[in-house]
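Asker: Let me give you the structure first, and then I'll get to my questions.
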Amino acid sequence: MAIERSEVEKIAHLARLGLDEADLPRTTETLNNILGLIDAMQAVDTDGIAPLAHPLETTQRLRVDLVTEANRREAYQAVAPAVEDGLYLVPKVIE
Amino acid sequence: MHQLTLAEIVRGLQDKQFSSEELTGALLARIADVDTRLNSFISVTGDLAIADAKAADARRAKGESDPLLGAPIAHKDLFCTEGVLTTCGSKILHNFKAPYDATVVAKLKEAGAVSLGKLNMDEFAMGSANESSHFGPVKNPWDTERVPGGSSGGSAAAVAARLIPAATGTDTGGSIRQPAALTNLTGIKPTYGRVSRWGMIAYASSLDQGGPMARTAEDCALLLGAMAGFDPKDSTSIDQPVDDYLAVLAQPLAGLRIGLPKEYFGAGLDPRIADKVMAVVEELKKLGATVKDISLPNLQHAIPAYYVIAPAEASSNLSRFDGVRFGYRCEDPKDLMDLYKRSRAEGFGDEVKRRIMVGTYALSAGYYDAYYLKAQKIRRLIKNDFVSAFEGVDVILGPTTPNLAWKLGEKGGDPVSAYLEDIYTITANLAGIPGLSMPAGFVDGLPVGVQLLGNYFQEGRLLNVAHQYQQVTDWHQQAPSGF
Amino acid sequence: MQWETVIGLEIHAQLSTQSKIFSASATTFGAEPNTQASLVDLGMPGTLPVLNEEAVRMACQFGLAIDADIAERNVFARKNYFYPDLPKGYQTSQMDHPIVGKGFLDITLEDGTVKRIGITRAHLEEDAGKSLHEDFHGMSGIDLNRAGTPLLEIVSEPDIRSAKEAVAYVKAIHALVRYLGICDGNMAEGSLRCDCNVSVRPKGQEAFGTRAEIKNVNSFRFIEKAINHEVQRQIELIEDGGKVVQETRLYDPNKDQTRSMRSKEEANDYRYFPCPDLLPVVIEQSFLDDLRSKLPELPPQKRERFESQFGLSTYDASVLSASRELADYFEAVEKTCGDAKLSANWVMGELSSLLNKEGLEIEQSPVSAEQLGGMILRIKDNTISGKIAKMVFEALAAGEGSSADEVIEKKGLKQVTDSGAIEKMLDEVLAANAEQVEQYRASDEAKRGKMFGFFVGQAMKASKGKANPGQVNELLKKKLEG
């Protein structure tokens, strides 16, 4: 399944990756090479095989409902690019 | 002193032949001297290390004797270390001082280990050459024109060059075993769930496992014993006691059943590597092992399945790097979309972006069944291959890599050819079984690794086989000249 | 043309766990920004989720209460999209394997009829944070305290046919989650939020019309208004030759209109896939059996019991069972006084209007169930009349006494039942109205009936309402005849 330039642009948008116009042909080609490698698996007969999402196939352990986290806002926001009044700042969110 | 193995260091510290402060100081000096040629460290935390070493010596003086008390190590730079830069080899985390310790980091601290710093790696652990790091490529001490393998290339180069006796690494598709093979080290990827992933920055969550890299199986046993164990903070961590890996090392190999999968010796394998692997088999036979030909028929499908599953998980795992709460943010974003797109485009390198794109595509509407679901079905076929193989054998043996360490830049323009280098290692991650790589000799002065795969939770058996082999051979003792 | 409205609702109920669904931080409302956001809630690199067992238990309780199938195997999936209030760039939710499958809920309409609304599914997921749009130099502020609060998303079938039915359904869900104690139901704080899928079709047509989704409506009143407005908009649009577009709309209560959320319109591709950090959750039958045995009596059962045990009408029974607190109050009153009908009348009458007027919840009632029951007892044993009871009730509400008896005593409201005293009082009344007595005696039966009321009124007035009305009647009749 070869992908087109427009699809590459769509994927990049979904993944929120800015794309350089000039790089598009090269990116498209590389992605097509990778997809070519991947597409080899279409030939494998997987009829009746259940997908395996997790190697160990065990079940989820649950946590007791207890609050053990304390407020560490200062430490956590020390690594933030922009904060004010305890809030993370981003360019205006339009609803 | 830098020639000592981790086990020898532990004994030397116990016998007070030297102090942790002396040793740490010596190694820090060596790093400062030598690492300019390798670029294996991203951060060297000298002051912290000396303080920790002094504290370890003080604890020793008070009669304390934690297993790794005062022993120097270093961490792959994707293990979060509180207050210390944790970059994942990426520009997007170039300024990220983690606000907490990974469980592995905390456990090793608790065992008394002294960390000298953070080791270079392929960006977000994506790569098998350590060429994709934002902080520059790492060189192979056996030939500084060549790659050390990846993604734990910094760990491999630093240990191989005797800058540190042992290091932590992670392995999503071979990132411990392949660099271990290319730098003459022993490294083990444990069973999925054996080592906690809390604080280990995720590449592909269902494949990632942390593990030790060192020169000997004994050192790996020592380090893994301290790293492994149940962690309530990781839902995929297994609540099962950790075996005493050191205790099983001495077990004789008589009766060991080794399987040789024919698919591991087919086209694509450098015949000189095949010879080295067969020589290991002969040696193990002398130690009492029996050998059987087996088949893992779905091996060839592992690469496509892996290069769907890993990027798919990565595309989602890496969405949190958005320039809002931590890490790199682009200059003067004009709106929210611009903030996202530029921060991520400028913060991630090419290989990371490629894998995010592939993963996004594989999960997107209309392609999910053909790619993601199909890959997961193949994943089960691969697991089934191992389940039936282990009905008849105890360990599976083969080459770790199809080729020797290649030259820096050689595969830069062609990701697909680099992906093919992972062929022998990724099946263990897809199935979740443990895998170990150990030195098996040299071709043209470059190290060759042999891989041992075991059944679930058979880390002890793999370390035992490697240790017994290392008792009768000295490949693992060879040091790169010039280091 | 006659139009039919088709409505399906998605209700997000915040589960009232102590800690978040995947982290151990508190879920308390109203904390300082980002002080309840842990490493996990912030999506810090390297962090991992661990599922809260209480959230699973609460979801199962809900499933049992609506007679739903509860999946033995549960899978959490990631819904991937970028938004500043979504720290990981994905929301952990459930897609193919929701915890609660098909079930139903019976609702009572205003005319007393019962309608069954199908529930398609209910699944667990994490809430997002909040974007604050006050002006931070042209920027928005992000508060992630709410991120990771457990939500149960309850999806109904398109079985609802009017805004009123929609409100009745949301009220029934609201009552149910509060009965179960799994959600505080506080809509003003966003503990229960509602997305309304609304479409119209010509009456008789089977195919559904194109629907619009109104997001995040947060009060019963707004649900009704938003739906009514949207229905009107769609009908007018179609009748003018236009077409309804499938889109997300926002209800603006200030302008009483819905408007399109254009920024969210761009085609989303959420790329759901099983969350690799979480393993499948297996729910054992024994766990469900145990939960079922501990389930409280729920509104439908309670309503039926109120009808059969107390002989209440369906409407009264459903009003009184609509909230656990109200039902408990009513039962406590009934227990004290032993008269269900009087209890129901007083709870639904005087008490409800008092609470309404004061804007109080039943738990905050100034008159306790024991006080009200005690007062009803005094009506029953003729200590006070119904009319005096209202005075007693008001006094209790105003805190003028700790019990009806105390108020009656203090204010001297006890009925006069001493025949001698009443006779004496009547004699005075008759003497004062001698002229009317003459007229009465001269009149025929029909006229006397009317005039009799006048004497009763005079007598009650003279006794300040305290004379036992039965005795007054009887003795007055005797005296007038005599």
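Every residue, even glycine, has its Cβ placed from backbone N, Cα and C.
Nobody curates TrEMBL annotations by hand; they come from automatic prediction.
These figures come from a predicted structure and were not determined experimentally.
Per TrEMBL, active site, charge relay system is recorded for B:Lys76, B:Ser151. The active site, acyl-ester intermediate annotation in TrEMBL covers B:Ser175. Taken from TrEMBL, the feature domain 'Amidase' covers B:22-463.
Context for these features, please: burial, neighbours, distances.
Answerer: Sequence-distant neighbours of B:Lys76 (active site, charge relay system) (same chain, 6+ residues apart, CB-CB distance under 8 A): B:Lys118, B:Leu119, B:Met121, B:Ser152, B:Gly154, B:Ser155, B:Ala167, B:Thr168, B:Gly169, B:Thr170.
In the three-state DSSP scheme, B:Ser151 (active site, charge relay system) falls into the coil class.
Taken residue by residue with DSSP, B:Ser175 (active site, acyl-ester intermediate) is part of neither helix nor strand, so it is coil. Sequence-distant neighbours of B:Ser175 (active site, acyl-ester intermediate) (same chain, 6+ residues apart, CB-CB distance under 8 A): B:Asp122, B:Ala125, B:Ser128, B:Gly150, B:Ser151, B:Ser152, B:Gly169.
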Asker: Can you see whether DSSP assigns B:Lys76 (active site, charge relay system) to helix, strand or coil?
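Answerer: Note: B:Lys76 (active site, charge relay system) is in a strand by DSSP.
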